Every structure is written in structure tokens, then in C-alpha cells.
Amino acid sequence: MTLPELPPSTLRLQIDKGALAHNWRELDRLSGTARAGAAVKASCYGLGVDHVVPVLEEAGARDFFVAHWAEVPAVMQHVPAECISVLHGPLGEADIRFAKETGARPVINSLYQARLWRDAGGGPCDVMVDTGMNRLGLSMAEIGEAIVSDLQIHTLISHLASADEDVALNALQLERFTAAAQQVPAQCRSLANSAGIALGASYAFDLTRPGLALYGGIPHPGLAGRIRQVACPQAQVLQLRDLSPGDTVGYNATFTARRAMRSATVSLGYADGFLRSWAKAGMLMHNGTELPILGRVSMDLVIVDCGAASQLREGDWLDLEYDLPRAAQLSGLSQYELLTLLGRRFCRTA
Ligand SMILES: *Cc1c(COP(=O)(O)O)cnc(C)c1O
């Protein structure tokens, strides 16, 4: 049976292409003599590869980072595979074959991965050196191993653990990375993520790898006022109701109306990435008017007090607070989580 055309979603996520391009250009400018790349893992932090990558490419980005091999094909629809690096690196034959056949570059993170890649014939790869995060990458001792000098290294990478804080670890990582770059021959050197760009020119090297700030996040006060909001999620009002004093609202009846009031039930829940932690201090907005959340967030629904929006109608769209620093404060979630949580039921448009 052929299905009729699907009705429109009651959830939409507007992606501001102008703001996205502006953010990349601003981060590229702040990177000084280095060029800015783009972290596009996790479907461009949840915003969708097809809406984001063409805009970044058009703005001038040429270096794209994903985490998984499975993330390569979607990005390859928009940029040559040679522009894509896979941060998790290869773990077996299938990964190696995929890398060779597509041309996407593995990031080599361990001596095991280095051997796998060399034994398969090698070719251009990136290398991650761990300068103090103890997460992924060759240790400072391991980069001296003979196998590393056998590799054909395009970009030498390291990742900052605390670039969003003013702590001594940043300078220590910078010092170690500088030493690693002197020891390991590579065409290109890359240390800074979004927050790292704000740490200054000495952290930029040849290539920076912003992710969060491209998408409107502000991980460091040095980026405040320069980065624009990109993701604007909205949800539709399904029903309005009148509550009498003593009526309770939602699961476990955690809110009780003290007076007669009007509530709106909205098509938005934790299955959409609007987690229950929003209930404490959160709200939705109608033309800038704040409508506080009442009771618990359900899987598919949330209830708000719409007393402040007397003209609100069923079917109207409400805005989520997605100025990321503010949203993080209100929800207790990180700016990264707020973006990557946004669920599949949002219809993404740009
Ligand atoms: C995710 C990631 C980035 C981007 O970091 P942001 O803090 O989002 O700018 C850069 N480099 C690596 C290795 C990453 O995993």
C-alpha cells in the first residue's frame, strides 16, 4: 500500500544557516594564521549533516571530523572523502577496507591501530597524541616508537581536556604538544577545539577543530558576543485546559493549582531530548513570553502555565529556550548534551 503524504511534525528545529556560516567564519578568523576545520560527529551535534555540512563547506571549511566510520557516508555526500578524518580510528579489517575504499583518513590512536594501518599498506593518516587527557591517543612515550615514523602522517592531533577553564593543564598540554610536533613529522598540526581557540594564537597551530561553537555554544567567555544561536527548536500546543484550585497536573501529581489557571499541553517530551531536568526551572516561550513548566516532563508531552499568554491557541508554536549557555543553566545539562539530545521527531529545516 502506498501511504498518503505524512502530516507535518508537531516538532520543528529551525537551523539558522546564516548564523552557522557566521560562526565558522568568526572561528576561522579567531584561529589567526591557522585555518578552522569542523567537528561534524554525531550528525553535526544533532543538527543534521545535510543541513550543516554544505553551509560549512560553502563558508570555507575543508577539514571535517567524525567519530565513527558509519558517519562518513553522509558527510561524503557533500565533501570529498579526503577531507574527512575518523577520530575513533580503525579497530579491524572492515574499518581498514572502508578507509582504503572511501579515502577517508583514520586517526591512529594506539600502537595497535598503527600496526593495523601499516600492515594494510598504510597511506595518509592522522595521529592523535595524548597530552594529558588519558582518553584516546598515543602516549608521549609511544610517539618515539619506530612504527610511528613509518606512518604517512597528514595531521598530528591532540585534544585539550580543560580548554573551557583557566587551569595549568592547558599550558602543560600545549608544551607537550609542541614537543610532540617537533618529534613527529606531519604536514599539519591541530590542538584547539572551540574553547581552545579562545586560549590564544599559540594554541592554534595549523588547524583548529571547533564543534560546539559552530552550533551556537559558548564554552569560553572569550567567545561571548561573537557566536550566534543556530538551533531554534519549537513545539506545538496540542490542548489548552482550565484548572480549578486543587487540580493536580501530570505524572505523580507533583503540581497542584492554587488558583484557577490555564495550562497548555505541548508536543514535547523526554523522548525528544527535553529531559526531566528541565522541569525544575524551565519554561517554553510564546512570542518571548515565558510559560513556566508545570509538573513532570512526560515522554511525549509537557504542560506549561499559559496564563501569561492569553491569546494562545491550540496548534500555536512555542519556542524552547535554546540560547545554549542559558539553557544549560536552566536545565542542568551541558551545552553539548542540549544539542545532541534533540530527537528524531524534530523536523529539521534550514
Ligand atoms: C568533539 C571534538 C572536537 C570539537 O570539540 P568542541 O569542544 O565541540 O569544539 C575537537 N576535537 C576532538 C578530538 C573532538 O573529539
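Cβ atoms here come from the backbone N, Cα and C positions, even for glycine.
Now, the feature entries from TrEMBL:
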{"type": "MOD_RES", "residues": "Lys41", "note": "N6-(pyridoxal phosphate)lysine"}
{"type": "BINDING", "residues": "Arg135, Met299", "note": "substrate binding site"}
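Projection of TrEMBL feature records onto the structure.
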residue: Lys41; record: N6-(pyridoxal phosphate)lysine; DSSP class: helix
residue: Arg135; record: substrate binding site; DSSP class: coil
residue: Met299; record: substrate binding site; DSSP class: coil
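For Lys41 (N6-(pyridoxal phosphate)lysine), the count of additional Cβ atoms within 10 Å of its Cβ stands at 19 [all protein chains shown].
Packing around Met299 (substrate binding site) is summarised by its Cβ count: 10 other Cβ atoms lie within 10 angstroms of its Cβ, all protein chains included. When the Cα atoms are compared, the residue listed as 'N6-(pyridoxal phosphate)lysine' and Arg135 (substrate binding site) turn out to be 17 Å apart. Around Arg135 (substrate binding site), a 10 Å sphere centred on its CB holds 10 further CB atoms from the protein chains shown.
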